[in-house]
C-alpha cells in the first residue's frame, strides 16, 4: 500500500503455505491508522466458490479496493472455471490497464489448493518459490519465519500459525488474531 496516497495507514500480514497437498492461508486482524489500532479483528482472508471451484484469497491494502478486486477475480473465475492462473493473469491485465483499477491500493494472495499466486497492481502474477508466499507490512517477517519452519516436520497449518506469531511479535502493524483457511 502506498504511503504517499494513504499516509499513516498500515497493516496486514497475509501468508500462504503449501505442504503435503494442503494450502493454508492465514491473515492477521489488525488495521492501524498512524499509531492507533483501529480494529483488531478484521477478516482479510476469504473463501470464494465461483462455479463450484473453491478458492481462498488473502488481501493486504485498502479494504474497499481489495473487495473491488475480489469481485473482479470472482467474475474472472466464473468465466474460466477451474483456471486459476488464467483468472489471475486476466485480473492483473485489467488492473494494470484500466484507469480506475490502476489506482487501487491492494495486493492479493490467491490459491485453489494446488497453485498459489501473488497478484499485484503492477501487473505481476507471481508463483512463489519454496511453497510459501507472504504480503503486507509483516510479510517479509512471516515469509522468513515460514521458510525456516519448512525445514521442520510441522504441517502446513502449524507452519503458518507459528510464522504469523513470529511476524506479530516483530511487526507493530500485525497482531495475533488470525483468520486461517485451509484447502486440500
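Each residue, glycine too, has its Cβ placed from N, Cα and C.
Shown in sequence order, 27, 28, 30, 31, 44, 59, 60, 61, 135, 136, 137, 138, 173, 174 are the residues of the chain, 6+ apart in sequence, with a C-beta less than 8 angstroms from the C-beta of residue 12 (active site). Secondary structure at residue 12 (active site), as computed by DSSP, is coil. Residues or ranges marked as active site by Swiss-Prot: 12.
For 168, 171, 174, the entry in Swiss-Prot reads Na(+) binding site, with the evidence type sequence analysis. Classification of residue 171 (Na(+) binding site) by DSSP places it in coil, neither helical nor stranded. In the shown protein chains, 22 other C-beta atoms lie within 10 A of the C-beta of residue 171 (Na(+) binding site).
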Residue 168 (Na(+) binding site): tally of other CB atoms within 10 A of its CB: 21
If you draw a 10 Å sphere around the Cβ of residue 174 (Na(+) binding site), how many other Cβ atoms fall inside it, taking every protein chain shown into account? 29
